[in-house]
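Asker: Below: one structure in structure tokens.
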Ligand code: NAD
Ligand code: MG
């Protein structure tokens, strides 16, 4: 491991955040929590802060700060309490931390993830929406600051591990030598076999019941529609400087092969393991060393078989929309992501049928394609377009 690390876990109360704290706790001599952040669930945040001895906690607003103080009462000296989105970005760039786990969900995590990259931290990137919305800015920041970028999304972590020399923890300018294509695996989610006519009726609870992974609600719905895989294609494009036509998606229902790299000589390297985020998280924390993660080994005899099939684009229109957005450019990617976030939130609140998620994305992409082109050279430009898409999608009767 690269010496002693002081870690800011952004989104610590979430699924990836909790798994991160689990791995950190296994190495008390080398890994320390410097800061924690959460948007809600202040009780849980207070428990985490007490258990880890975090020096800093970041919460979204004064009301949350009040709830945190109440939850903390009587626990001892309180960590430094910072409030608001700017404080979150400042904490990610704070000289007090060496390493930032970007595990906030959605484009809301972009400013802090970008701040960590600009400050030259070791950035463990789970927050894929940050790259989808601002891939070029983010990778330029990594290049300029010399930040160490380690992909945590399991597919990208797998690819990173299968690239020559175990991948280079920076921002490549071109595809790795000798690589023909990247193959992302996808479970196909809970609706892989459901009759297409029945999809209209599915509930948030059904969509969130992922067959293999236990995750936050937004990414669970994204996995059901497979927009998650689409976002991951865009993420892979930026992380590995790979053009869209050299990134393939294959359905693999067991989620044991986490992704693959195909080389010019016909070799295909794959990374396998249990579907448990502690493996990629431990890889990112320990790189270039291997840490214990608490994940149980694979039992191949029990697995028996591994299956693969091509994704059905009629069932998963969001996958085709994602490829189209990547080919169309950054404004389309921002649009795809923001429209999806609005649509998924509406679906989770029971205001939008499942099958309309793809329709909202498609309508937003058409709207964006018909507008004059915009410059996207700064975080402000990106957030401005993101906000306009949210207004557009909200005006479809979703807000
Ligand atoms: P989650 O919903 O379980 O947790 C999200 C965290 O972000 C929480 O701590 C929440 O308080 C915080 N948060 C939410 N909105 C916020 C806002 N507006 N401002 C600041 N903080 C906010 O999500 P998750 O499943 O842990 O996913 C986190 C990210 O990691 C997502 O981008 C997801 O796509 C990615 N990811 C998750 C998994 C997984 O297994 N869960 C796997 C791969 C990638
Ligand atoms: Mg993934």
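The backbone N, Cα and C atoms fix where each Cβ goes, glycine too.
These figures come from a predicted structure and were not determined experimentally.
Copied straight from TrEMBL:
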DOMAIN    7-135  domain '1-deoxy-D-xylulose 5-phosphate reductoisomerase N-terminal'
BINDING   13, 14, 15, 16, 127, 129, 216  NADPH binding site
BINDING   128, 154, 155, 187, 210, 223, 228, 229, 232  1-deoxy-D-xylulose 5-phosphate binding site
DOMAIN    149-240  domain '1-deoxy-D-xylulose 5-phosphate reductoisomerase C-terminal'
BINDING   153, 155, 232  Mn(2+) binding site
DOMAIN    272-390  domain 'DXP reductoisomerase C-terminal'
Asker: Using a Cβ-Cβ cut-off under 8 angstroms and a sequence gap of six or more, which residues of the chain neighbour residue 15 (NADPH binding site)?
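Answerer: Spatial neighbours, sequence-distant, of residue 15 (NADPH binding site): 214, 215, 216, 219, 277.
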Asker: Under 8 Å Cβ-Cβ from residue 153 (Mn(2+) binding site), six or more apart in the same chain: what's there?
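Answerer: For residue 153 (Mn(2+) binding site), the qualifying residues are 125, 126, 128, 232, 235, 280.
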Asker: Based on a Cβ-to-ligand 1 distance below 6 Å, what subset of the binding-site residues 155, 210, 228, 232 would you report?
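Answerer: Passing the 6 Å Cβ check against ligand 1: none.
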Asker: Helix, strand or coil at residue 15 (NADPH binding site), per DSSP?
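Answerer: Looking at the DSSP assignment, residue 15 (NADPH binding site) belongs to a helix.
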Asker: Between the Cα atoms of residue 14 (NADPH binding site) and residue 155 (1-deoxy-D-xylulose 5-phosphate binding site), find the distance and write it as a whole number of Å.
Answerer: 19
Asker: Quick one: Cα separation, residue 155 (1-deoxy-D-xylulose 5-phosphate binding site) versus residue 13 (NADPH binding site), in Å?
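Answerer: Their Cα atoms are separated by 23 Å.
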Asker: How far is it from residue 129 (NADPH binding site) to residue 228 (1-deoxy-D-xylulose 5-phosphate binding site), counting Cα to Cα, in Å?
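Answerer: The separation of the Cα atoms works out to 10 Å.
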Asker: My understanding is the cutoff is Cβ-Cβ under 8 Å with a sequence separation of 6 or more in the same chain; which residues meet that for residue 13 (NADPH binding site)?
Answerer: 38, 39, 40, 41, 44, 45, 48
Asker: In angstrom units, rounded to an integer, how far apart are the Cα atoms of residue 16 (NADPH binding site) and residue 210 (1-deoxy-D-xylulose 5-phosphate binding site)?
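Answerer: Cα to Cα, residue 16 (NADPH binding site) and residue 210 (1-deoxy-D-xylulose 5-phosphate binding site) are separated by 15 Å.
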Asker: Among the binding-site residues 14, 216, which residue has the largest number of other Cβ atoms within 10 Å of its own Cβ?
Answerer: 14
Asker: On the 0 to 100 pLDDT scale, where does the domain '1-deoxy-D-xylulose 5-phosphate reductoisomerase N-terminal' (7-135) sit on average?
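Answerer: On average, pLDDT over the domain '1-deoxy-D-xylulose 5-phosphate reductoisomerase N-terminal' (7-135) sits at 98.
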Asker: Just how many other Cβ atoms lie inside 10 Å of the Cβ on residue 128 (1-deoxy-D-xylulose 5-phosphate binding site)?
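Answerer: Total other Cβ atoms inside 10 Å, all chains included: 28.
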Asker: For residue 210 (1-deoxy-D-xylulose 5-phosphate binding site), which of the three DSSP-derived states applies: helix, strand, or coil?
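Answerer: For residue 210 (1-deoxy-D-xylulose 5-phosphate binding site) - judged by DSSP and reduced to three states - the answer is coil.
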Asker: If I restrict to non-local contacts, at least six residues apart, and a C-beta distance under 8 angstroms, what lies near residue 210 (1-deoxy-D-xylulose 5-phosphate binding site) in its own chain?
Answerer: 187, 189, 190, 220, 223, 224
Asker: For ligand 2, pick out the binding-site residues 14, 15, 127, 128, 153, 155 that have a CB under 6 angstroms away from one of its atoms.
Answerer: 153, 155
